[in-house]
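Novice: Pasting the relevant annotations from TrEMBL:
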ACT_SITE  HIS176  active site, proton donor
ACT_SITE  GLU307  active site, proton acceptor
BINDING   ASN81, ARG82, HIS176, SER177, TYR178, ASP243  beta-D-galactose binding site
Amino acid sequence: MVSVTRSVFGELPSGEGTVEKFRLQSDLLRVDIISWGCTITALEVKDRQGRASDVVLGFAELEGYLQQQPYFGAVVGRVANRIAKGTFMLDGKEVKLAINNGPNSLHGGIRGFDKVLWTPQVLSNGVQFSRVSPDGEEGYPGELKVWVTYTLDGGELVVNYRAQASQTTPVNLTNHSYFNLAGQGSPNIYDHEVTIEADAFLPVDEALIPTGEVAPVQGTAFDLRKPVELGKHLQEFHVSGFDHNFCLKRSREKHFCARVHHAGSGRVLEVYTTQPGVQFYTGNFLDGTLKGKGGAVYPKHSGFCLETQSWPDAVNQPHFPPVLLRPGEEYDHTTWFKFSVA
């Protein structure tokens, strides 16, 4: 059984609207999601002793989400990840997007899907958010109707993304939750054991744009096909963290993506998806300046993201899986976050 309760989370400044919170609860999970950016603000899961902890980074109040912050828990779009120089060619015309990340466009631009109020609809086992992204929003062509649905099934949180376009446009939607399976506010994720089901990854340049190479993980720091303890692994390979796309099966069916195990608590997160990639990000840009829930601070490497997605900068890389959505087609992807103890 899943219960869904609805409450007011806060008021947007200058009368822009009310942000609501939806609490989804099963016998194994409790998830709070707000209508601002379809943002997961809390996710409580039990450890092997049966003690529940909140395992996502974020804020207790709306003000936290309205300040400049690194997409905690939010849905990002119209196109997640980076587009080189914020530009691409579409049907012979150059499209210019909002630039917001050095020379690039990141996560939809200056005011992406994470920074807007969505329209909620309560379901028996979850909540569906919808919005219409107008033609030209952040430079993207055509109107885009979008639906993001969160449902709970026991220990599994299921996120489904659907979209329909009035003109051809790239679409790539993901959720940008930062997890720490020891409990949010724990100082780092070095004791997490990580597995990612990927034979290849995308090397990036200094602006974090894929070079175009699809590189085998074999013999590199990116070979996470067998479990590695993150802290030791980073030390062993002298890498300062991950912020890379790992190339998954190119199947539209549900496939295994990643598993993270925290031995101390026994908590396990498994991720399954229909997407061809996942951005594994180890919170390299967190710097301890943001004050989170319960007075927590979030230093470097205090959370990790597994952002299931199409590959970054695919609009400029013809050999990457395609990201263009045409009128009459439907974008439809699902990601499953499955929590358990071991």
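Backbone N, Cα and C atoms are what each Cβ position is placed from, and that goes for glycine too.
TrEMBL: automatically predicted annotations, no manual curation.
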Novice: Taking ASN81, ARG82, HIS176, SER177, TYR178, ASP243 as the record's beta-D-galactose-binding set, what's the max Cα pairwise distance in Å, rounded to a whole number?
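Specialist: Max span of the beta-D-galactose binding residues, Cα based, is 18 Å.
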Novice: Just how many other Cβ atoms lie inside 10 Å of the Cβ on ASP243 (beta-D-galactose binding site)?
Specialist: 16
Novice: Give the number of CB atoms, excluding that of ARG82 (beta-D-galactose binding site) itself, located within 10 Å of its CB.
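Specialist: Its Cβ has 22 other Cβ atoms within 10 Å.
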Novice: If you measure from the CA of HIS176 (active site, proton donor) out to 10 Å, which recorded positions from the list ARG82, ASP243, GLU307 are inside that radius?
Specialist: GLU307
Novice: Roughly how many Å separate the Cα of SER177 (beta-D-galactose binding site) from that of the residue listed as 'active site, proton acceptor', to the nearest whole number?
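Specialist: Roughly 8 Å, rounded to the nearest whole number.
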Novice: Using a Cβ cut-off under 8 Å and a sequence separation of 6 or more, which residues in the same chain sit near TYR178 (beta-D-galactose binding site)?
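Specialist: Expected: VAL56, LEU57, GLY58, PRO70, PHE72, GLY73, GLY283, LEU286, TYR298, GLY303, PHE304, CYS305.
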Novice: Counting only residues 6+ away in sequence within the same chain, which have a CB under 8 Å from the CB of ASN81 (beta-D-galactose binding site)?
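Specialist: Set apart from ASN81 (beta-D-galactose binding site) by at least 6 residues yet with Cβ under 8 Å, we have LEU106, HIS107, ASN172, THR174, ASN245, GLN279, GLU307, GLN309, PRO312, ASP313.
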Novice: If you draw a 10 Å sphere on the Cβ of the residue listed as 'active site, proton acceptor', how many other Cβ atoms land inside?
Specialist: 24
Novice: When the number of other CB atoms within 10 A of each residue's CB is tallied over all shown chains, which of the recorded positions HIS176, SER177 has the maximum?
Specialist: SER177
